[in-house]
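Step one of this worksheet: look at the structure below.
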Amino acid sequence: MLMKKIFILLMVGSLLFSCQITDVLNQEPPHNLTPDNAITDEKSAETALTGIYGEQIGYESYMSIGNHAMTAGILQRNDNPGVVVSIYYIENRLPELNLVGAAYTPFWDAFNTIINSSTKLLAVLEGMSDNLFTDGRKTTMMGEIRFLRGWYMFDLLRMFGEYDKLDSKYGMIIRETPPTSDDVYKARSTVQQTYDFILKDIEYAISNAPDFTSSDFASKMAAKALKVKVLFYMGKYSEALEAANTFIGDGERALVAPYSAVFTDFSNQELIYTRGFAGTDEVKYQATRVQAYYNEGKWGPTESFMELVGDDPRKTVILKNGVGDVFGPQQTIRKASNAEGTMPTYLMRYSEIYMMKAECEARTGKGDPLATLNALRSGHGLPAITGVTDILQTIYQEWILEMGFENGHEWYATWRMGVDQLLETNRAVAEKMATAADPELYKANLPYKRIYPIPSSEINANKLMEQNPGNN
């Protein structure tokens with residue numbers, strides 16, 4: 001199976017090509033095949049592309065389920081008085097927005113590895129003759145690669161850049177070609193320039209990536225969905241709304257009922273782009289450390305989440321009782337501990353398109369956001385929402401209930417609502433502010449915490465790298 005091939009490739013590649021370079025922006029990933037060694041035909045190019053997909057299954061890729069849920073205030077470490085608190089250093093501090101390096105450096109390293117691997121492979125393919133490939137495969141392969149690069153550049157930007165300020169200078173480092181000895185050090189591009197780079201990759205993927213076959217792979221359809229998301233995060237709500245309407249109108253995906261089917265049927269029509277669905281031993285191994293903790297009840301919902309979920313019909317799909325002797329039977333997150341042991345990560349599914357459409361309608365005054373929410377709920381077999389007095393607050397709550405504990409949606413939805421929403425949902429932060437020497441100053445500095453600092457290893461290795469504001 002694909003994941004087994006990936007695992008073998010990564011293990012062999014680690015032995016053959018591992019290196020000790022400090023700057024992650026110049027690291028050779030363990031699977032990387034350079035022009036000087038192995039990429040000489042379609043088969044070897046496919047092997048290199050498979051390796052890039054394989055970079056997504058590392059342990060750090062699963063952290064996205066918990067990190068943002070904790071900082072948003074809906075996930076916590078369940079109580080266990082018998083365990084020394086110090087071993088839970090990260091998870092005790094994340095809810096307070098104490099962003100320790102171990103919580104975010106793995107994202108920086110993993111995403112940059114995928115981005116730079118993609119750039120290097122693109123450079124190799126561009127220099128290869130079309131005659132070395134079956135009809136059109138070189139172009140579709142480049143479409144896949146540019147989708148992957150665009151996706152992870154976007155993820156890097158929204159975690160480590162001022163993604164919500166188009167005029168900010170705190171974007172990402174952009175390299176359209178592999179680095180040389182003349183440009184090892186490079187400064188950050190602006191946020192607008194970073195988005196332009198991402199959208200350029202997306203447009204190429206829309207035109208040239210393969211048609212959809214499986215949510216495990218890049219496709220034209222996934223690129224169209226990513227375009228909706230990028231425009232949405234840019235705050236270009238009218239453009240995002242138009243793109244969302246087009247995507248829905250194309251009819252390539254469908255909502256599924258009941259809601260639980262989204263998380264039990266891994267071939268369902270809602271899935272757009274995912275990772276971790278292959279039930280192979282190596283993927284289970286990658287997820288074991290995290291999934292086991294969820295399964296036994298080490299991590300669970302906060303009081304504010306429990307108040308929000310109430311008697312919502314999705315409650316039993318989202319939550320379950322832990323089974324461990326240490327933390328059980330405290331409630332934990334069912335989404336993160338599926339029976340197959342693969343701990344799937346839903347990078348994008350059809351419901352997100354509906355959620356973005358509804359919020360765009362609310363923020364632009366175009367369309368009927370409540371009707372869009374109810375169309376989504378109807379598609380899952382859920383009752384309609386009635387009696388709405390604050391549509392944006394209703395949309396926020398639906399982001400938490402429909403998309404929570406998946407890929408950071410709760411964190412970004414919270415910040416679109418503002419700092420007061422953060423203080424309402426994340427009670428650990430509210431308590432810290434209440435006991436601060438200067439609560440107003442504490443509150444004023446909270447927006448700096450919406451993105452991670454640039455890791456110290458990168459600051460030290462790249463003399464042109466500038467740290468994010470509020471972290472000097």
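Cβ coordinates are placed from backbone N, Cα and C, and glycine is handled just like the others.
Per TrEMBL, domain 'SusD-like N-terminal' is recorded for 96-226. What TrEMBL records for 331-470 is domain 'RagB/SusD'. The signal peptide feature in TrEMBL is assigned to 1-23.
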(message) Can you give me the average pLDDT across the domain 'RagB/SusD' (331-470), rounded to a whole number?
(response) 94
(request) May I have the DSSP-based helix, strand and coil counts for the residues of the domain 'RagB/SusD' (331-470)? (result) 84 helix, 8 strand, 48 coil
(request) Kindly report the helix/strand/coil residue split of the domain 'SusD-like N-terminal' (96-226) according to DSSP, in that order. (result) 79 helix, 0 strand, 52 coil
